[in-house]
There are 6 protein chains.
Amino acid sequence: MFMRVDKLQAELPPPKRQDPNAAAALQELLGGKYGEMSTLGNYMFQSFNFRSKEKLRPFYSLVASITAEELGHVELVSNGVAMLNNGPDVPDADAGDGGDISKSPFEAMKDIRSFASFASGAGGALPVNSNSMSWNVDMVTTTGNVVFDLLHNFHLECGARLHKLRVYETLSDPTGREVCGYLLVRGSVHAHSYALALKQITGVALEKFLPVPNIPLDKIPECQKYLDEGSHRRLYTWSPADYKEIAGIWGNGEQALPTDPPGELTVVDGMPEGGKIHQLVGVPSAFTPDYAPEEMFEIATKLYKKSR
Amino acid sequence: MFMRVDKLQAELPPPKRQDPNAAAALQELLGGKYGEMSTLGNYMFQSFNFRSKEKLRPFYSLVASITAEELGHVELVSNGVAMLNNGPDVPDADAGDGGDISKSPFEAMKDIRSFASFASGAGGALPVNSNSMSWNVDMVTTTGNVVFDLLHNFHLECGARLHKLRVYETLSDPTGREVCGYLLVRGSVHAHSYALALKQITGVALEKFLPVPNIPLDKIPECQKYLDEGSHRRLYTWSPADYKEIAGIWGNGEQALPTDPPGELTVVDGMPEGGKIHQLVGVPSAFTPDYAPEEMFEIATKLYKKSR
Amino acid sequence: MFMRVDKLQAELPPPKRQDPNAAAALQELLGGKYGEMSTLGNYMFQSFNFRSKEKLRPFYSLVASITAEELGHVELVSNGVAMLNNGPDVPDADAGDGGDISKSPFEAMKDIRSFASFASGAGGALPVNSNSMSWNVDMVTTTGNVVFDLLHNFHLECGARLHKLRVYETLSDPTGREVCGYLLVRGSVHAHSYALALKQITGVALEKFLPVPNIPLDKIPECQKYLDEGSHRRLYTWSPADYKEIAGIWGNGEQALPTDPPGELTVVDGMPEGGKIHQLVGVPSAFTPDYAPEEMFEIATKLYKKSR
Amino acid sequence: MFMRVDKLQAELPPPKRQDPNAAAALQELLGGKYGEMSTLGNYMFQSFNFRSKEKLRPFYSLVASITAEELGHVELVSNGVAMLNNGPDVPDADAGDGGDISKSPFEAMKDIRSFASFASGAGGALPVNSNSMSWNVDMVTTTGNVVFDLLHNFHLECGARLHKLRVYETLSDPTGREVCGYLLVRGSVHAHSYALALKQITGVALEKFLPVPNIPLDKIPECQKYLDEGSHRRLYTWSPADYKEIAGIWGNGEQALPTDPPGELTVVDGMPEGGKIHQLVGVPSAFTPDYAPEEMFEIATKLYKKSR
Amino acid sequence: MFMRVDKLQAELPPPKRQDPNAAAALQELLGGKYGEMSTLGNYMFQSFNFRSKEKLRPFYSLVASITAEELGHVELVSNGVAMLNNGPDVPDADAGDGGDISKSPFEAMKDIRSFASFASGAGGALPVNSNSMSWNVDMVTTTGNVVFDLLHNFHLECGARLHKLRVYETLSDPTGREVCGYLLVRGSVHAHSYALALKQITGVALEKFLPVPNIPLDKIPECQKYLDEGSHRRLYTWSPADYKEIAGIWGNGEQALPTDPPGELTVVDGMPEGGKIHQLVGVPSAFTPDYAPEEMFEIATKLYKKSR
Amino acid sequence: MFMRVDKLQAELPPPKRQDPNAAAALQELLGGKYGEMSTLGNYMFQSFNFRSKEKLRPFYSLVASITAEELGHVELVSNGVAMLNNGPDVPDADAGDGGDISKSPFEAMKDIRSFASFASGAGGALPVNSNSMSWNVDMVTTTGNVVFDLLHNFHLECGARLHKLRVYETLSDPTGREVCGYLLVRGSVHAHSYALALKQITGVALEKFLPVPNIPLDKIPECQKYLDEGSHRRLYTWSPADYKEIAGIWGNGEQALPTDPPGELTVVDGMPEGGKIHQLVGVPSAFTPDYAPEEMFEIATKLYKKSR
């Protein structure tokens, strides 16, 4: 079972300007083959399909708990995409009747790369890559062979890191860069953890491969605050009470990667504090939430009061 | 953010026999257009993309909290699929060397409907429908228009119920039938809740449509224990502290559907107690977890001890 | 613009027995690359996109009018698929409450090839091929180059005929065989007409290629009544008043293929008389039209009377 | 069976300039999930698969006759796409040899969003959405349950209207705006008619939902002439003699929506008068119909004369 | 550039009986995510896109030369699929007129898993997996980062081996088992070679992972003759004169895996001798090559003589 | 079996500037329905699935040998795509540490049509069309009926030529134009050869259709050197010793097309001399081959020396 907390894993700075093509680029990290829908889909189905869960508890718990973190990554990138698609929030822009819709208020959308992200998705995020291709089952590997699935996951996290770097190198807006910076640190943790799990089984020191690609996180300004707070040495259980067995893999004196700030790896029960979710103010002229929405706001306020 | 608890929303009875074609039929409720990946995908992205969250809090919270329940539905169907694909657990069948693999030990798989579910998925669940077609973005609607998205969701839950009934009518094994029975009750709750939300905005008593399709749950034996415990009158917040505003929609004197046991609708903080996850014993001859796995079990036990 | 007439192009004999796998085989002629959705999709979009329509009127009219016939082919195959999926009609089986749905009334569906055709499509037809793969844009060629598009269409009709023959050789039920027999005659007419159009432009006697594949229609018993009535020598305009210019291509002394009954090719204004559409009686236990449908029948009767 | 008439449902004003990105935006209304291929595909297959047609005649006839109108909508949008892709017609531009093809005459196409619409589709329309993704079976729902299928259709028409409005707000060229204006009026009729059909069966006044999204048509200048002539109160049978039973649903004193010009709903036998189809002059340098086409024009003229 | 030699990499024993479901199972090794189209597609595009080819020659040559071997693997599996689909060759069955096609000569095909493989593919192989899903670009990774692409390839070969074993365990016919046995040996060589390449760059002894899955080839009778002749220690250049630099990676004293017969790794210039391609006798009733094909044989014989 | 030679079929001039949108346009000739992956896929699988190979040797050899040439075409277009994506080579740009990656070095990529070609494909080629849609099995026809498959291939080559011309008319950079020019000459040879094969079987002089589209190659400057050297009159066997029987079809006094330089058609054993493969210098800031790659170059040099 899963629970939800109304926060983001990292607080995102507001976008400087509306930039649908930047949002579309960021979609590569959401619905691309090496995006967060893929890490989520792989670990989620691997954890459902895991065999001999009791006998292999630490390995099962590793895949199961990271699944929950990936859900939050999907949420984080989605928020970033929506923010870049819409630009800075204008408070109360969601009130009023939207003006004269016959004056082509969205003419600027005509030339963006992913028109359907506006016309159908209303500037939100979708499980597609930067070329608008759908995420799909071909991006999921779940063979039930623990060694192979972990090797696949190790490769997947390295590939994800490569894609995050390239998107980072493309974006200049702080919202998108923050998404990349945060995910680079956490993706590195996941790659590291799969390497350590495989080392336990095979004896091969796979963590010596890292980092792949070969760029230390200290070259990325947006990574620094996460490194400073030691995020790169921490795995969360993402659970009120379960999955603590991951400490058998992530811990036991294992250390941070040599290119990162030094220290021992530790497991933290539960989840990080997180940051505020962006408001994403509605646009009446695009019928979000709807044209002339004040009546809806009033109804919602009434219902809200009833619920307290 | 999301947390995970190592339990299923409902405890599933063990399968009577291995039946990959029954498992494939159940896949329709996982990766089909009206399956749980679709309800999950629609509500997850709608909640990420929701505009004016604060002003429309009760509606936002409804979609956001049901998202978390749908994650558990995806998990439940996945467990059912894996159990039917594999048949009754044979304790300790995951030990040993798998025997003589040159004797075509899996010849029986040759004629099943979804061979790849064995060859690649190892009898696990995948985000595909009963015809092996991938779940994809065409099954996600997130327009940002709250009235329309809720109407879409209402139609989606009615359609999901229709598919659940047909799969139920096909299956004779208790595992699959329990999955359907549980989901029929919970799906009815979701359809009901979207109808009530729309009634608040539009004044149209949409809940009078229900049930669609027109079959009271009391005709389904597997639904009875859930009706008896009042599951059909309950919405959970699926959160330690958030989403309580759904009580503005689900509550306020609203009653159970006339075809279900009577009583007032209530919101429950958090989540249900849930049931045990099936073990899904490994099969060395199919290399799950791996050939001659005792060594892996030993390593896992050692790591488990270290984690305590 | 298009009009509709509530008849089938050919009257189909009732099926001998329910045979979903035969229905799935027939789907190849509906949604396969060389199926009727493809001939429809190619000619429909080619006719929309046709350039210099006035100057090239006879060629435009050929493609435009055959489009209308292909709509009826899609309808015919769809009816055949639904009939084979459902078996012989049982009059008034659509009344009543459907019996005890907890007794797995559709257990037999569990092992059919295309389970979703039952679970989601309710035994109806869908735009998919015999392997449940969706028809899609990759099956449409519309280049705007008249010579090339006609050559493509010639190849498409020959390929369609090849597939019809193989499906015919697979089916033993009279419903499916009648579909194939009728389509073989009409498909031959279309191949012939594209050959004659190309001969007018290029001077190459392409009709001498025919028949491809090399089987005279007189080997197919189900083709005989259509040959006897001269269907193989007739092109319809499928229009109250337009597209008569096809007589410039199909006519002018051109003769039937040497392997078919002899005679001159002629254009017929309008459409053939057609046959009755199959009733496809509902199944309450599968909720079609709905459980306990008598009330719906009564409402419909009342509305029917009001409409007169 | 279907017939074809060589006219468009509405006459489209000529485009002001060639704008392939505007054409690509309009494709959302053709091959998108809520586009005309989807309304066509849903109603066409629902009508083929409809059960107990005789007993449920008014409902069957509603779905069957709207299918024919949707064919004309597909045609209308396709014409609009082709016109925007090509710009104003230049009479006799289809003659001549196309000039020096080695001078990159189509360099401007290099940067358009959907290059394949030029390279392969020659500036015509294709069954894809605004992101070039193919229309497919996942956009078709045909469950055989009449109540649910009508509910689906009601949701589909509301969604289609939402997409039409957003595309309208994007386009400034009169051709594309006219397409949207016409379809908004007719889509509103279809949503209204499905609401009335559902009201007859369930007693829920679903038409009170409308309009969704919440914008009266009088805000759209391009809708006015259609409202003035009462198009919003009219359903056509689109048939020489069939489908008249729709008057049981659309009529009987039912009135226009309160936001539209008032009056009673009426059924019109047959079809509207329609407008002229755009010529779409060929471009020899792009080999449409072919390079140096005069010989083809001459042959066509000769054949035309023979056909009279 | 590529050359072709009219031989198979391994001679396949004739099939014992026609078994289309076994053929469909074998398709997993052709068009599945871990099948030969994927190894081919990955290495082919990686070699085309390889950067700094001169400076990284041994790594480039490794990927480039294995590409050519994978082409032969695609050919080998395709031959196996076609042989299982068709059963033992009946000499001269390709002559004659095919008999009475109205007697449903292919009724047995109606219930096979992949009907389109008969109806459209005529019992040949296609780039699809065992569930008839198309091979596609999502199965190709080509990032230009040499370390990551090699890591991906290492994981791909391990995954391919896992799938080969499961298909092997399913098949009882000698044709399909020979395909698996041969590919298991060669796939092991490729996994080994990528491990050694990565060891050169990173210093991590990745070959100690092998074999994954953990089954020595000596448990597979069909592998023995290939092990006996030392195939597991050999890489071919698959070129008249190029790619010899792979000896820098595969050689230099590196040894066979400890679970295989011992010996040093060696590079062989060119290609193995190979075996005879199966004849695949035509079936006139299925119009392959065509109905009453003697005339075609005669024409071919005449042309053959002219060519000498 | 296949061999590989480290050369391109034609030497490509260096690109004038980086132009990812031009590269994306060229992708239409790689992964589009009428691109080189399609000609390759069709002939490769047709040759694998060919029936009665011995009796129909000249026809089999034609399809089999052209397969090998198509592999080289896929390689040629892929090289062109990569060159246009990357622009002129800067020698030794692949050394160094890539500079400050936090300065958005790839901001210019944000607005290109196919962002994933940069983010994931690193500026390489992929099996997709100009709209980023994957090549797939729907683009492969292999029916086993020799007459029909040859007719399909004839149509395919004509369509490929049409697409090549339109892409040529779009590109101004010499690299892409050279690709088109070369392929136009060779594609014309293939269309011609299939026409001659069909003429042998059916007696219809199909080569008189050519050229389709109707543009003589002498209008394309980039074709001249290939025409001058007689490439249009030559078929290669692409084999050390096989496929010589194609001389029964291509030869025997058959002549060049009337619009091309005159002369007899001849078969050449083996392959053309070919040209140099472009170096495609790496970009450390995009991690190709990897960040700070000097160490890798050194390792490669060491391995190279060992291999000699």
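Yeah, the Cβs are placed from backbone N, Cα and C, and that goes for glycine too.
Listed in TrEMBL:
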REGION    C:1-20  region 'Disordered'
COMPBIAS  C:1-19  compositional bias 'Basic and acidic residues'
BINDING   C:E36, C:E70, C:H73, C:E157, C:H190  Mn(2+) binding site
BINDING   C:S239  Ca(2+) binding site
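It is 20 Å from the Cα atom of C:E36 (Mn(2+) binding site) to that of C:S239 (Ca(2+) binding site). Residues C:E36, C:E70, C:H73, C:E157, C:H190 make up the record's Mn(2+) site, and a Cβ search at 8 Å around their centroid adds C:T39, C:L40, C:Y43, C:I66, C:E69, C:A160, C:L183, C:R186, C:G187 from the same chain. Most Cβ neighbours within 10 Å, among the binding-site residues C:E36, C:E70, C:E157: C:E36 holds that distinction in the structure as shown.
Of the candidate binding-site residues, C:E70, C:E157, C:H190, the one lying closest to C:S239 (Ca(2+) binding site) when CA atoms are compared is C:E70.
Annotation note: C:S239 (Ca(2+) binding site) sits in a coil segment as assigned by DSSP. The residues of the compositional bias 'Basic and acidic residues' (C:1-19), classed with DSSP into helix (H, G, I), strand (E, B) and coil, number 0 helix, 4 strand, 15 coil. In this entry, C:S239 stand out among the binding-site residues C:E36, C:E70, C:E157, C:H190, C:S239 as having a C-beta under 8 A from a C-beta of chain D. Around the Cβ of C:S239 (Ca(2+) binding site), 21 further Cβ atoms fall within 10 Å across all displayed protein chains. Long-range Cβ neighbours of C:H73 (Mn(2+) binding site) (same chain, at least 6 residues apart, Cβ-Cβ under 8 Å): C:Q9, C:E36, C:T39, C:L40, C:L183, C:R186. Remark: C:H190 (Mn(2+) binding site) has C:T39, C:I66, C:E69, C:N153, C:E157 as non-local neighbours, by Cβ distance under 8 Å and separation of at least 6 in sequence. When secondary structure is read from DSSP and collapsed to three states, C:E36 (Mn(2+) binding site) falls in the helix class.
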